[in-house]
C-alpha cells in the first residue's frame, strides 16, 4: 500500500512542497530566509489577530487601546512588541532574501522574481498602514505625509488623496479603513506566497554554484527541515532579545505621544525599513519626481532579468560584479542612514549622490561589468 502522504489529494500537495521536494544538495544558509519569512508571516498574523481582539480603530480610543493592551491584557505587552519587532525581523529577512537573489542570480527565474517584487510592495503597504494604527504623533504625521504624496499625480491627485483619507484630512475614516487594509493585506500576502512557491517549484531552486543541480538533488525532509529549524531558532532568539531587552530600540519616541494635528514633530520619518526609499524620495526637489523615484526604487528590481547579459549564473565567479554588488549594499546602508537624518547640508547632498548611485549601479555599472566579464571569458576560452 502506498504511503498516504503520496496519494491523498491534500497531503500530496504538502508532500511535494515540503517533504519529497527534490532540493539541490549544496544550498547554503542564505537559502534559509525563505522559510524564515514564512515563519515571520505566520507569527505576524497570529500576534496581529490577538492584538485586533483588543484594539479599537477610533481616533479617540486607538492610542488608549494600545496602552490598555500593554498594561491590562495578559501578556499584551509581549504580543504587541512581538508584532512590532516581528515586522522588523520580517524586513531584515526580506532584504537578505532579495540580496541573496541578486548575488546568486535567482532573478533568472523571472516569474518567481516578479511575484517576489509584488510581495515586497504588498508587505511594504501592510507595514505602512499598520504603523498608522497606534495613532501616535509619528503614525499620524507619517500617514499625512506619505498619503499626501499622491496629490503629485496630475489632474486626479487631490481628489485621490481626499478619497483615500475619507475627508479633507487624516481622521477617523482614515484610521478605520487603514485598520481594515491592515487586516486583509496579510492574507493577500499569504496568497501571493503560495503563487511564489508554485512558480519556484515549477523550475526548482537555484544553488550557490549557479550550475544545473538536476544530477544531484536530495529530499527536502529531513535535510532542509532540520536546517530551517536551526534558522528559525536563531531568528526567534534574536527576536526575543529585541522584544525582552530592547523593545523600543527600532521604534520612534514620538509615537508615545498621542496624535495631535496641531503639533508637527521636528523630523517626520517612517520606520527604519523604509528609510532607504524615503531618502530617495527626499533627494529629488520635485514632488512628482520624488514619488516616481520612490516607486522606481523597488520596481527597478524587475530590470534584473531583462538587463542580465552574463554568461555565468550568479556572482560567485565574477569578481568585478561582486565588487559593484558590495558597493550597492554599502550605498543602501548609507541611504538608510540619510533617510533618518534632518533635511540639511551635508545630508541632502549625500542623499542625492547615493540616490544616483543606487540607480546607476543597477542600470549602468552592473550591465557594463557583465559585458567586461563576458569578454574576459572569451579571451580564456
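Quick reminder: no glycine exception, Cβ is built from N, Cα and C everywhere.
Residue 182 (heme b b562 binding site): 22 other CB atoms within 10 A of its CB, across all protein chains. When secondary structure is read from DSSP and collapsed to three states, residue 182 (heme b b562 binding site) falls in the helix class. Per Swiss-Prot, heme b b562 binding site is recorded for 83, 182, and the stated evidence type is similarity to another entry.
As annotated by Swiss-Prot, heme b b566 binding site applies to 97, 196, with the evidence given as similarity to another entry. Summarising the environment of residue 97 (heme b b566 binding site), the number of other Cβ atoms within 10 Å of its Cβ, over all protein chains shown, is 20.
On its own chain, residue 201 (ubiquinone binding site) has 16, 17, 21 as residues at least 6 apart in sequence with a Cβ closer than 8 Å to its own Cβ. The secondary structure of residue 201 (ubiquinone binding site), as reduced to three states from DSSP, is helical. Positions annotated as ubiquinone binding site by Swiss-Prot: 201.
Positions annotated as transmembrane segment by Swiss-Prot, on the basis of similarity to another entry: 33-53 (among others). Long-range contacts of the transmembrane segment (33-53) within the same chain, counting only residues at least 6 positions beyond its ends with a Cβ under 8 Å from a Cβ of the stretch, are 69, 79-80, 82-83, 86-87, 89-90, 93-94, 96-97, 100, 182-183, 186-187, 189-190, 193, 228, 231-232, 235.
For the transmembrane segment (77-98), same-chain residues at least 6 beyond its ends with a Cβ under 8 Å from one of its own Cβ atoms are 30, 33-34, 36-37, 40-41, 43-44, 47-48, 50-51, 66, 69-71, 116, 120, 123, 127, 130, 235, 238-239, 242-243, 247, 250-251, 271-273, 301. Taken from Swiss-Prot, the feature transmembrane segment applies to 77-98 (among others), supported by similarity to another entry.
Listed as Cβ neighbours of the transmembrane segment (113-133) (distance under 8 Å, sequence separation of 6 or more from its ends, same chain) are residues 55, 57, 62, 66, 87, 90-91, 94, 98, 101, 106-107, 139-140, 142-143, 146, 174-175, 178-179, 181-182, 185-186, 188-189, 192-193, 195-196, 199, 270-271, 273-274, 298-299, 301-302, 304-305. According to Swiss-Prot, the transmembrane segment annotation covers 113-133 (among others), on the basis of similarity to another entry.
Sequence annotations record features per position, and here Swiss-Prot assigns transmembrane segment to 178-198 (among others).
Sequence-distant neighbours of the transmembrane segment (226-246) (same chain, 6+ residues past either end, Cβ-Cβ under 8 Å): 29, 32-33, 35-36, 39-40, 78, 81-82, 85-86, 88-89, 93. Residues annotated as transmembrane segment in Swiss-Prot: 226-246 (among others).
If you look at the transmembrane segment (288-308), the same-chain residues 6 or more away from its ends with a CB under 8 A from one of its CBs are 98, 102, 105, 107-108, 110, 113-114, 117, 120-121, 124, 149-150, 152-154, 276-278, 280-282, 355, 358-359, 362-363, 366-367, 370. Here Swiss-Prot flags 288-308 (among others) as transmembrane segment.
Marked as transmembrane segment by Swiss-Prot: 320-340 (among others).
Long-range Cβ contacts of the transmembrane segment (347-367) within its own chain (Cβ-Cβ under 8 Å, at least 6 residues beyond either end) map to 279-280, 282-284, 293, 296-297, 300, 303-304, 307, 309, 321, 324-325, 327-328, 331-332, 334-335, 338-339, 341. Annotation source Swiss-Prot lists transmembrane segment at 347-367 (among others), citing similarity to another entry.
With a 10 A radius on its CB, residue 83 (heme b b562 binding site) counts 21 other CB atoms from all the protein chains. For the pair residue 196 (heme b b566 binding site) and residue 83 (heme b b562 binding site), the C-alpha distance works out to 24 angstrom. A separation of roughly 20 Å, to the nearest angstrom, links the Cα atoms of residue 83 (heme b b562 binding site) and residue 97 (heme b b566 binding site). The separation of residue 97 (heme b b566 binding site) from residue 182 (heme b b562 binding site), Cα to Cα, is 23 Å.
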